[in-house]
Amino acid sequence: MSQPTDEADKSTGNAQVTHESINFANFNQDSTCVSVGYQSGYKIFNVEPFTKCLSLADTSIGIVEMLFSSSLVAIVGLGELPDSSPRKLKVFNTKRRSIICELTFPTSILAVKMNRERMVVLLEDTIYIYDINTMRILHTIETPSNPEGLIALSSSTENNILAYPSPPKLPNRQETSTKGTTNDNDRSHLENIPENVNANSSNLRNGDVIIFNSHTLQPISVIEAHKAQLSAIALSSDGTLLATASNKGTIVRVFDVETGVKLYQFRRGTYPTKIYCLSFSQDNRFVCASSATETVHIFRLGQDEANNTMPSRWSKNQKLALQRYKQSMKQXQGSKPSSLVDSDSDPDVDELVENDNSDDDELEEDIDDELAEERFNSSLTVPRRVSSTTSLGSYGSQESIGDKIEPHVDSARRSVARMIRRTSQSLGRKAAEKMGPYLHPKFSSLLEPNRHFASLKVPASKDTKTVVAIGNSVGQGELLQLGEHEDVDNSSSTSDSTFHQKLLHVMVVSSEGFFYNFGLDTERGGDCTLLSQYSLLTDVNDG
């Protein structure tokens, strides 16, 4: 799910300079529309084709959320007057241009999420759940401080799942990691921390996620996602998968919501960064992550990636080998395997020469995090993802299909830095093959982790906030445009029709005020190609 963006910088790139700025941007539940809040109103855009379908002048808007493509919109202001207070939520009918209801809360509203059955309003320390058909309040949940406004609601009413951060807790407490329960007011989980323990202690786990059934209004489980504090969470549209990232920004994990089992783990990069947004494709074949590096990474949820993540039992000899190897890493400073010092987060050369003294501690924390959850995962029957003929290569090994399919490389992104990283990853794979039999499988996966299937570079300033979504297949008209920007492999006999079926929209909205539309090759992966871009900073009163 996407997150609200802060006020944009005054720099607008190639766009026409205006006095307008963006307070908020998000995709709707099926990624067919974008809602944008400005200093003087809000707009709603259709993404395919990209057109403005609604523009309303108003006060400064901090949140504008859609209910799919219906006329119902939830609006929260950013003004100082009572009518535009950030504590007031207005549910608006855009077709009738009328307010359905107004709700006032004790503190500022940080997020609003909706599906066809529920509306969820998040304050810093409270969650309110409403029946969206009657706007009657059904339930309240008291939570620990959540200033980042992290919350996710599935768009499906079949699996009406709500996810939000759990309070910190001691990692050595003997609790079932995915069977946490709470009482009606959901306060019992706040007792995880003894009174004499400082909540800011480095010994506490801050990255757990509570799974809540919004239909039955009952908590389901607590998923131990990360040791560090959460930075982003997202639920798949059908409510079956949960994606998480911590404030380190190096690891993205995907869990089965029903069982709490970790299905996938991906390494975004080695250097810490801020992950702004996680988002699943509608068919759960991909999950994408946008970050402060201006790079969006797309990870494939296939069988090969699952096999490289699944826990397995290991012998005492492997345990001892792991301990010896960890000790040798502490003693030999600066002698890390090549694959542990590369970074896929940004193709810029300066990232390769950045100080990386913190890598050892982060790697050790990743290992400890993996070993801590082994006690639970090894006792579960892990569900296997079933191969699908509609996956276009997502499930199963590429080599098993025939010759290995090389990823698409954008000539505009070729650089010495990227060549060094590719060489480093190749050396890492060879090291993993030789050392794998002697290491715990979790540590072996750190030597040769799942990495991104595809990526794209957003033409934006560093630390520009972005939200991202994966849409439908690219149309034939856009393929003609795509052909103007890239050279098609002469050895490929793929027809335009087949090529069309292989490409998906990857859409990015930046806080600088741009909408970017990229093409993702679902079979080859690699670099996504920029198809089009549009400015969102035209006069908000022009519609």
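Note that Cβ sites are derived from N, Cα and C of the backbone, with glycine treated the same way.
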State the residue range annotated as motif 'L/FRRG motif' by Swiss-Prot; the candidates are 81-85, 166-170, 266-270, 311-315.
-> 266-270
DSSP residue counts for the repeat 'WD 2' (270-309), split into helix, strand and coil | 5 helix, 18 strand, 17 coil
Restricting attention to the repeat 'WD 1' (225-265), give the mean pLDDT.
-> 97
